[in-house]
Amino acid sequence: MPDAAPPETLATPATPSPLSGPAHAATAEAVLAALASDPARGLTAAEVELRRTRFGPNLLPEAPPLPAWRRFLAQFNQPLVLILIASGTVTAFLGEWVDSGVIFGVVLVNAIVGYLQEAKAVDALAALRRLLAAHARVVRDGVRTTVAGADLVPGDIVLLDAGDKVPADLRLIACHELHINEAMLTGESLPAAKHPAPLAADTGLADRLNLAYSGTLVTRGTGRGVVVATGRATETGRISTLVAEAESLDTPFTRKIARFSTRLLWLILALAGLTFAVGVARGQPAVDMFMAAVALAVGAIPEGLPAAVTVVLAIGVKRMAARRAIVRKLPAVETLGGVTVICSDKTGTLTQNAMTVQAIWAGRRFYAVSGGGYAPHGDIRPDEAGDAAPPPAASADPIAPAAATPLSLPLPLPGALGQTLLAGLLCNDATLAEVDGRWQVNGDPTEGALLAAAGKAGLGAAELRRHPRRDVLPFDSQRQYMATLHPVAGEHEGHDGHGRHALYVKGAAERLAPHFTAWLDPDGNERPWDAAAARNFAAALARLAGQGLRVLAFARKAHDLGDAVGEVGPALDHRQVAGGLVLLGLQGMMDPPRPEAARAVAACRQAGVQVKMITGDHALTAAAIARRLGLTVPEEEATGAAVGDSAPGEAPRQAYSGAELAALDDAAFAQAARQCHVFARVEPAQKVRLVTALQAAGEVVAMTGDGVNDAPALKAADIGVAMGEGGTETARDAADMVLTDDNFATIVAAVEEGRGVFDNLTKFVVWTLPTNLGEGLVLVVAIVAGLAIPITPLQILWINMTTAVLLGLTLAFEPIEAGVMARPPRHPERGLVDRVLVVRILVVGLLLVAGSFLVFNGKLASGGTLAEARTLAANLFVLGETAYLFNCRSLHQAPWRVPLFGNPWLWAGVGLMLALQAAFTHLPLMNRLFGTAPLSLAEWGLVAGLSLVVFVVVLGERWWGRLGTAKGGA
Ligand code: ATP
């Protein structure tokens, strides 16, 4: 069959297509028949196995990575390296074989180190990306399950929902307002409205409305389709270049470093040229001066810097992944460290998303529901205290179990309580299952809780069979409700979908309230919706929400659809929900805060990072949960701490609702965004406005999001955070970072790691710049002042090559310092090195130069040879840099407060460095190569002692600096 495939489904031998004709021209039934698939039951496990062997995995061909040799060669394509190669070549022509060899040695080592580091960083990022591989919801063996996208085979029945990425090429069987963004394939930026009807065979790619293409994004609605092509055979698979997402190691910081390095390079080259000119003018041999100029360039240019930055960032990515935060874009690693505001969803991120219905209000009566988790076991009792009492002030306790006797089962379904529970059961896409004695929810936890509550009243599978679903308006966070259509029990048989139906709606209470025209009393009579009914409803809602319960309202509407229900086309639309609703009742569910979230909120407060809860939930529910998390301060404190523009004595608002925000002008909105910590009933579109307002106030904003409409806010935020478990593929695509456990505490952990990364970058820079400065200055001073050179160019090359890798780079592995989260966030505009650090860099650079001249001249004065004097000076440099390394282990704490063996790499580097220096000094071969001479024990002692001076002086400088800060602050 595949041989006969027409061009539209052109099959490659690796992944043949099972269809003989274009899928869009055939009816859905014909395609299903050709693929031997059942639209309701899907394929069997055995059939899936067979097809997997035949068609292969559903993977798109990855663009071949840049071959290793090309990545290696790319290491040489840097200005500094090219200069070195040119100098090495000139030196070779001059017959200075040793010098030329060392220069090429430097080049080679540099390239190898750079290559290895880059390869590691690229691999780490690619591995993380694979962790985020997409999943697909399918029906197999009659059961809905989730499988890895790669496991799909032709004939699989796939379910699509808003926010999904289409996992393979599908022929759609059913669509409900299904809109798909196909820009990546067709260039059309408006989402295409999909429809399952067959089309003409010559319909173009962009107009095949009954197909969903692999990799495109569902923006709205739901759908069901059968897989017609997988892997390479998909439309996307054929344009494989689209799939190749290059791993970029560029970040704003690496670019800044690159710019800095280039500027430094020109400066140093100019200095080198000047030194050469001065030396020659003073009558020095041109060859020597050329070598000196080259050594100056090599010594003074911090060539290890770009590589070190990449290493530090790559280590950061790895450490964050170990703490369940997966960085999708490398720049996020450095931005995270500077985050000043975290805007977080409530449900599932700050709370456990483990919902249990605890209270019901129906027919003007309160009921208490017992039982925990999703087990459909427990009692529903009248809560008489609740009925009698006026709405109490917000309390931390959920509804207390009522003493009244449990209701007898089965509940009378016409009554308000029965109808409320029935609505929760019918207007529901989740299922419950008992696995190893534990009840688990498959689907939305909110809906799982409603199933469990219905189960406690004896409502379950039998009711679902009696009320088959004819149509659905899926939940979306913009509209905040969901509706389903059911034939009225007992009347649907033989009616073929026509006749009397009931519409069940559940959703945010205030969203549905304007559409109520009646309420149901305990006996099932519809009473008119009047002012008293509205007041009663509002009081019940406030009472439940004030306890931190997540409240959903339930309503129904009788519906005579006549012929509206058909095989094709929706019978329900949103206009039908607007108006004529009969309120059935409210269900309030508990979603306990995550204990670790409360700790993370406290950590943020200490770290000077503001936390704002941005939720789709009710303001009172949100405020109650916020209080429990320690997110908002208690009332009295707030009054005392009235901020900024609030009127005297007036407390800043504890919570704003989306509607209130919408009414604010830009200035008031900006103030609210800055001062308030809880934003409730916020629509996804308002999140963008919040992000921009905060950014305009100079904040660095991390924002979480999980829905399809959250993508713009995630993109606008400095750090867009998506959920790995609960979120949509669209949100993950837009995010900079994905949390594998959907947990707020993980964001805070990532911020902590981000701060650690920035610390380590700073440490490296603060260590490397004085050593480069010292190495360069030694030559400049000697030549310009006409003194003997204390360290030969060759020795400088050696020092530079060994210390940068063995000493400096080990700082990248320093663990996070204890106090990182006790400091305020780094100011986004601030450079890496402040004035204090500039002073330190100058002090250390000058100390190294002075020390080397001292030992060099001292040795010569006491009758030592030039080789001995130079060996002393060179060793002073290396040991001085080693001692200074220990000053750099922490930027904020005294060296002895840093765990001595916290960084094994540092000790390994120091050990190797000392061994190399011993060889450099004592091995005859090295003596010949580098013009060195063995030192006595006393001389080693002298060098070590002077190095300690560097250490102590830096200690003193820090102490002095702190004294200055303390005085300045007083
Ligand atoms: P967060 O934004 O913090 O995750 P949330 O889950 O409440 O909070 P949404 O998912 O946007 O935010 O839900 C908004 C509101 O819509 C909820 O408060 C609830 O009233 C209602 N709602 C949530 N889930 C459903 C559902 N499955 N069916 C009907 N209504 C729902």
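Each residue's number is its place along the chain shown, starting with 1.
Glycine residues also receive a Cβ, built from the backbone N, Cα and C atoms like all the rest.
Automated prediction, rather than curation, is the source of TrEMBL annotations.
Annotated in TrEMBL:
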- 1-22: region 'Disordered' (REGION)
- 22-96: domain 'Cation-transporting P-type ATPase N-terminal' (DOMAIN)
- 100-116: transmembrane segment (TRANSMEM)
- 264-283: transmembrane segment (TRANSMEM)
- 289-315: transmembrane segment (TRANSMEM)
- 378-399: region 'Disordered' (REGION)
- 764-789: transmembrane segment (TRANSMEM)
- 837-856: transmembrane segment (TRANSMEM)
- 905-925: transmembrane segment (TRANSMEM)
- 937-956: transmembrane segment (TRANSMEM)
Range from 264-283, 289-315, 764-789, 837-856, 937-956 with most C-beta pairs under 8 A to the transmembrane segment (100-116): 289-315
Residues from the same chain, set at least six apart from the ends of the transmembrane segment (264-283), whose C-beta lies under 8 A from its own: 79-80, 83, 289-290, 292-294, 296-297, 300-302, 776, 779-780, 783-784, 786
Tally of DSSP helical, extended and coil residues in the domain 'Cation-transporting P-type ATPase N-terminal' (22-96): 43 helix, 3 strand, 29 coil
Of 289-315, 905-925, 937-956, whichever stretch has the most CB pairs under 8 A to the transmembrane segment (837-856): 937-956
Contacting positions for the transmembrane segment (937-956) when only residues 6+ beyond its ends and CB under 8 Å are counted: 840, 843-844, 847-848, 851, 854-855, 872, 875-876, 879-880, 882-884, 886-887, 894-895
Across the domain 'Cation-transporting P-type ATPase N-terminal' (22-96), average pLDDT on the 0 to 100 scale: 84
Spatial neighbours of the transmembrane segment (905-925) far in sequence, C-beta under 8 Å, 6+ residues away: 798, 802-803, 805-807, 809-811, 813-814, 871, 874-875, 878-879, 882, 885, 889, 932-935
